[in-house]
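> Below, the features straight out of TrEMBL:
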| type | residues | note |
| --- | --- | --- |
| TRANSMEM | A:12-33 | transmembrane segment |
| TRANSMEM | A:69-94 | transmembrane segment |
| DOMAIN | A:70-260 | domain 'ABC transmembrane type-1' |
| TRANSMEM | A:106-129 | transmembrane segment |
| TRANSMEM | A:141-161 | transmembrane segment |
| TRANSMEM | A:182-207 | transmembrane segment |
| TRANSMEM | A:238-259 | transmembrane segment |
Amino acid sequence: MARAVTTQHKTIATAAAWVVALLIFFPILYTIITSFKSEQEAIQGFNLIPSGTFESYSEVQQQSGYFKFFFNSVLLSVGSTILALIVAIPAAWSMAFSPTKRTKDILMWMLSTKMMPAVAVLFPIYLIFRDSGLLDSRIGLTVMLMLINLPIVVWMLYTYFREIPGEILEAARMDGASLWNEIIYVLTPMAVPGIASTMLLNIILAWNEAFWTIRLTTTNAAPLTAFISSFSSPQGLFWAKLSAASTLAIAPILIMGWFSQKQLVRGLTFGAVK
Amino acid sequence: MKLRTLTLGLLSASALAFAAHAESITIATVNNGDMVRMQKLTDDFTKANPDIQLNWVTLEENVLRERVTTDIATKGGQYDVMTIGTYEVPIWAKQSWLLPLDKLGDDYDVKDIIPAIAGGLSVDGKLYAAPFYGESSFVMYRKDLMEKAGLKMPDAPTWDFIKQAADKMTDRANGVNGVCLRGKAGWGENMAFLTAMSNSFGARWFDENWKPQFDQPEWKNTLQFYVDLMKADGPEGASSNGFNENLALFQQGKCGMWIDATVAASFVSDPKASQVADKVGYALAPDNGLGKRGNWLWAWSLAVPAGTQKADAAEKFVSWATSKHYAELVASKEGWANVPPGTRSSLYANAEYQKAAPFAKMTLDSINAADPTHPTVKPVPYVGVQFVAIPEFQGLGTTVGQLFSAALAGQSSVDDALKQAQDAATAAMTEGGYIK
């Protein structure tokens, strides 16, 4: 009897999980479906079966070449992630293994920068970029993306590092490892799953970042967010083209997320249960 | 071998010299059909000007507005040509953010620009932006439904006639709404329509001393008429409908009348996109016999920001894109119906254009019926038909738009909406130093 209840519970839980997953995924699915419709079909109300035209994709590619934007997105998201890790690993190490009484406050203070609306600092940042000649430059935007995601990276790494017993690092020190050797040869290999999932999450965050990437770029450094934004039209029908542009923009990150979902889920739930 | 090396070297050097000489200009624009067409036709410009390269930045209208405003206010110099509207031009020109366009070329023919449009883009007699396409608003209606209702649309209808026709055409059982109007909140959405409409009711945003006028009976008449009309004859959920939503409804045969931008005529009469393409008639925007019609005036225009380092190349491009030659180029490649409308008188005198665009005369009449320098029945201290050309208007217009949209949705009464609008406008004008 108990077994039957468990099976029943499992079935209900699985069904509920599917319903929730479908609900969450539905907007993306409908975007993909709409991208295969003509503009007229796209506005004619709810319809799950498209005519299967590639018209929007060809128009989107013709109007503004996808690959230039794609290349920038890859460069910015990967570049900013690597840069963030270079800064965040030592910072998280210090907070996890040599905490002071102010460590918690520093962590909270770092996170508090994420609570501020980005537009509040638009003008100062814009002026700094203008005066440093960084407007529309990949370097400037890479640094910017690194900075805005840094609090999350430090927090995640800090959580992972705290799971690693300090004794192992002490042992390495006893064996004569220098600080850098300790971080590079002992800590980093042990924290690889954590670092990998932080990396993946940060790439996704940087890929999807649409405030600064649109406002600090014009042509040279513009990534896929700017590409999508260019297909919305104040006068005229654009849903199918906008959907095609969105599908093209999210496809790479969606595929990457699909393949690395195990690492992502593991990373996100790491340390949640002790 | 040596000769080949030398030749290659010379070729590379000349290529480098050319690349160094070529000047690239960055153009910020919106994703409208006419703008997209212009991007496709730029070969014509670059062939004639091989030393100028063009970079395009296409953005959603609100993002574009925010981006170019940030750039021009900080003299960021990111753009050499900006696509801006009649709202921005007088404000930015007064701030010396734009360069006057006085080198458009001998054959440009500035006098050919429709006077109402040129007036909206000039300050102290100097043109600060060249119109790429211009529009007013008018009534688009279903001739078949009008006939069925036993009515005949006059060329210049009154609001009472519109109400009478809408009541008769509404057939909700068959999904037909007598009239579709903008309801979505925004200074460029419902407030463009309502401000233009209020002009024909004798209302105004401010009196000569910048005192807000939402507490006056003219505004009450405007908003009450609009809300009553939409409740009786408008589509469901009208408070979230903007241009595109109403376009879709009209194209699907769900609107008897639609009062909106003249540029919509080419969409609703396109048989590929519209189910009612052969049944559409056009009339001037309605009035109340007070001397002003409820139509607006807008022109997407190309301007050169004062911060650019490449003013000559930028102006050369502006001249090309807004010239008579460009109109002929579009006509030769894509037909006269696709030429950007509403900017040059010569286009409307062209027999081929008149044939290709049956709405041409009504568009020109509508544009000519709008006067941005004297937009209202009573005198006002501002310029602009469907907007007030002051920097505070974007924020204030959207706030008032939200209040009026809520009144349409039934979330507040007309009186409450007007009272709150009056309070919001008074606060904004006091803060801006217009009133004490």
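Every residue gets a Cβ built from N, Cα and C, even glycine.
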> Between the transmembrane segment (A:12-33) and the transmembrane segment (A:141-161), are there three or more CB pairs that fall under 8 A, provided the residues in each pair are separated by 6 or more in sequence?
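No; fewer than 3 Cβ pairs under 8 Å.
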> Counting only CB pairs under 8 A, let me know which of A:69-94, A:182-207, A:238-259 has the most with the transmembrane segment (A:12-33).
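Comparing A:69-94, A:182-207, A:238-259 against the transmembrane segment (A:12-33), the winner is A:238-259.
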> Using a Cβ cut-off under 8 Å, which residues of the same chain at least 6 positions beyond either end of the transmembrane segment (A:69-94) come close to it?
138, 141-146, 149-150, 153-154, 157-158, 160-161, 183, 187-188, 195, 198-199, 202-204, 206-207, 213, 221-227, 249, 252
